Amino acid sequence: MMQPLVMRLRRFAVRLWEHKRLDWPLMSALMLLAGVGLITLYSAGDESMRLVVNQALRFLLGGALLLLISRISPRDLRTWTPWLYSFSVLLLVIVAIVGEGRGAYRWLDLGVVRFQPSELLKLTTPMMVAWYLHPRHLPPSWKHILGAAVLIGVPAGLIAEQPDLGTALLVGAAGTFVLFLSGMGWRRILFLLGLVLLAAPAAWPFLHDYQRQRVLTMLNPESDPLGAGWHIIQSKIAVGSGGFFGKGWQHGTQSHLEFLPEHTTDFVFAVFGEEFGLFGVLLLLGLYLFIVGRSLWIAAQARETYARLLAGSIGLSFFVYVVVNGGMITGLLPVVGVPLPLISYGGTSAVSLLAGFGVLMSIHAHRKMLK
Amino acid sequence: MALKSTRIKNEQLEAHLFRVRALTGFVLVAFALLVLAGRFFWLQIVQHDEYATRSTQNRVHLRRLPPPRGLIYDRNGVLLADNVPAFRLDVVPERVENMDEMLDQLGMIIPLSDQDIKDFRRSLKQHRAFQSVPLKLRLNEDEIDRFAINRWRFPGVDVVPYLSRNYPQGALFAHVVGHVGRISAEELKHVDPDRYDGTTHIGKTGIERYYESQLHGEPGYEVVEVNADQRVQRVLQTHPPVPGESLYLSIDARLQKAAYQAFQGQAGSAVAIDPRNGQVLAMVSVPSFDPNLFVGGISSTDYTQLLKDPEKPLLDRAIRGGYPPGSTVKPFIGLGGLELDFRKPSDTVMSTGVFYIPGQVRGYRDDQRNGAGRVDLVQAIEQSVNTYFYKLVYDMGIDKLSTWMAQFGFGKPTGIDLPGEAAGVLPSREWKRIHRNQPWFIGETVISGIGQGYWVVTPVQLASALATLADGGVPHRPHLLIATRKGIDGKRTPVKPPAPGKPIAHDPKDWQVVRQGMIAVVNGDKGTARGLGDGFPYVIAGKTGTAERYSRTTNAYEDRTNLEALARRHRALFEGYTPASDPRIAVAVVVEHGAWGGSVAAPIARKIFDAWLAEQPPGSLPPPTVPKKPDAASGGTP
């Protein structure tokens, strides 16, 4: 009885310490990004080392998690997937019950750490959809698309109820990308997309007042320049006044003089744009594009459906962060709380992102061992 | 088995499908990022100029620097009004979300009086967008500290340093120098808004108001960097303001003090003028008040108290107090009789105690029950014999009388450089027609001859007329400003005095007679102010006046011992100048509740003369001509 378990543990330990586990191009890009994040944060946080140190500690924690997860084989991950998914959905339900009648309640306080269970779903939802689809005939049939939709809709709906539209969007996108990568037919995609567009006006009355306000504000920020439009106007001023080369590191007036709200978290991209200009923005977007591309390349190398779908979804989700955040700070999209990956100050998002890349690293490391 | 084989086949198909999808996804991602990059290009390159401007507008503000107000000195450089550094609470209303709530909260930290809030709300209605409005002036250190701790709770509220007006002489110069106060809505309409941007106070009364434009100066400005709360982070450029001009007044602070104290709190006024040039040497109105109360915003209790005080401390009696001149007009009228050839100096009149207009039964009384007997002009002035003047003006007629008296400035403002001067009343047919819509009666001419009836003079009018009389008929407009100084280290520059008026045509011998009469008032043994010049090294010429506030209801003569009862009905006046032969100072004194001019008003004039004498530098005056009682007076009574 004990023998197989000990053997498995030994094999696990050996794998953990084997070399060449990591995809160094991707790893270097992530480290570069984290470095850029810390430098930007130092300026955005009014030259506060406290913010930088806190964020660096989170990067270390996330990095450790990345290394740890990269040692777990995708097959193990696949086996644990239903349990992980069920567990994280259960946490969501607990948060929903505990937070009854308290406005926006997202946190689970574990005494030592507080974390948002919704962050877990960013990873467990695509895992579950990939797990659900991997033994099926692909491209998926309507029946399986419906099944996947339920798996995506339950956590996304619970998160949207919190209400945290940004995270719900990211969770939904992560799951949907799995469907897309599984080869779901274009006609079906277009059909469902049309359905969503038609249904969108119907959803309007179900939105919270502040959410509706944000959409209206995006459409016309000057209607209330000192109130709801303030964020967008000041963010656009910050970005626009940066010009091509920017005002220079630590010389952003919009952030340092407090005109730009939340300039260390959701609006840190505006600080970056103000201080480093279009030149810096293009380099940063290039770096993001490289990370997405490299992730998709790793996914394409995988031999197994589950790993492939999961890796591809993680890469594409990463891009959603960038586009939604970038669209928000330039006034293209309404204000939703989506951070700029690895640059915005904030714990759970950085840790869960790095954990996701841990999965990618694992898939990369085990690409030849499966099958 | 068939299922299994399809499954294996599908693995490759799936892998291929995935690669196509991944590539499609990557292209979509690249496209989305390109759109985003395009958006950045649009904002950062195409619209860069606009956003750069808006960013600058966000953080760079122009801040007006109000000019420091010019200082006010007396003729010897004694400070009458200066500026002291102080702190006030300013509010930018646009930055305050809920004004009522903010005021409530702030009131718990720094006591705000009802008056503060009232003034603030009034200023709110007229303030310009994003300009700060003062809420409370002259914060003390404790209040500044308490606000500093709580500042974060009050966006849009700040403690701001400023220069507050201060009047070191207090009540002594309250009326002449006047005071500043917060600019009212009405005043704001009449000033250049750019010059007064950032200025909270404006001259309300006195010199402060009259010379407001000189005292104010020109504002400068600062280019400052502010943060989102509009708090100044640093100063980028400074264009300093031009301070207002400092003013030197002709008043001598020590003389002023002596005059003020001589009243010992009795309501009244005294004005001293240099007859040679019209410079005002002292100008007091008693009772007075502390002008500093008005600078920081006077409390309503203090203000009500000042307003309701029956002695009217806020009234500037020197230029606005109207009094019947009584016998003080007699020297002027007597001079008119000589100049207009109605009398010769030697002409005499029999005073029997009562004067009757021919054909009328009503009698016009002398002060002495049985009259003074036969008197000439000098004696008539010395003893203030009413009958002489009743008869004289009866002969002159009202028209000639008012034309003559108008030359001395009666009946119109003197034009002194103070705001709000009253005109007084010079009795005339025209005045009565306009103001009473009635014809003139001969009896009114008669009582006009002793300064009763419609007569109203202000102390400054009387002093100015006396100065003209003392200076031999050259009218000088009374004035206060003698020099100005630009900036802190500027040079004291004299101000050109107002040009003297047209000399009153005269025969010097006639003026000598009147002067003899006025010398006799002080130095003659029957003079109404005899003894006043005792111990004074120069000859004093003067004239007393005891005016009645109400007309008499009985024909009975006064019991001259009940001074208190008399004081209620009388106003005591005295006019005098010295040295008689070369007049340097002419003084008019009015005591509102004085029993007799000679006993109440004249001693005040003497104290002013004493103080004036002590001020004169040695050698500036002719050698003393100490008069010996009684006959040393040049041309006393026979």
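Each Cβ is built from the backbone N, Cα and C atoms, and glycine gets one as well.
Whatever TrEMBL says is automated annotation, not expert-curated.
Listed in TrEMBL for this protein:
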type	residues	note
TRANSMEM	A:24-44	transmembrane segment
TRANSMEM	A:56-74	transmembrane segment
TRANSMEM	A:80-98	transmembrane segment
TRANSMEM	A:165-182	transmembrane segment
TRANSMEM	A:189-207	transmembrane segment
TRANSMEM	A:276-297	transmembrane segment
TRANSMEM	A:309-336	transmembrane segment
TRANSMEM	A:342-363	transmembrane segment
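Contact between the transmembrane segment (A:165-182) and the transmembrane segment (A:309-336) is supported by 3 or more Cβ pairs under 8 Å, counting only residues 6 or more apart in sequence. When each of A:56-74, A:309-336, A:342-363 is checked for Cβ pairs under 8 Å to the transmembrane segment (A:276-297), A:309-336 comes out on top. Cβ atoms under 8 Å from those of the transmembrane segment (A:342-363) belong to residues 21-23, 26-27, 30, 33-34, 36-37, 40-41, 44-45, 51, 54-55, 58-59, 61-63, 65-74, 77, 115-116, 119-120, 122-123, 127, 264-266, 268-269, 272, 295, 298-299, 302, 307-308, 310-311, 314-315, 317-318, 321, 325 of the same chain, restricted to positions at least 6 beyond its ends. Same-chain neighbours of the transmembrane segment (A:309-336): 74, 77, 122-123, 126-127, 129-130, 133-134, 165-166, 169-170, 173-175, 177-178, 180-182, 211, 214-215, 217-218, 221, 231-232, 235-236, 239, 266-267, 269-270, 273, 285, 288, 291-296, 298-300, 302, 344, 353, 356-357, 359-360, 363, counting only residues six or more beyond its ends whose CB sits under 8 Å from a CB of the stretch. Long-range contacts of the transmembrane segment (A:24-44) within the same chain, counting only residues at least 6 positions beyond its ends with a Cβ under 8 Å from a Cβ of the stretch, are 51-52, 55-56, 59, 249-250, 252, 255, 263-264, 268, 271-272, 275, 284, 287-288, 290-291, 294-295, 298, 341-345, 354, 357, 360-361, 364.
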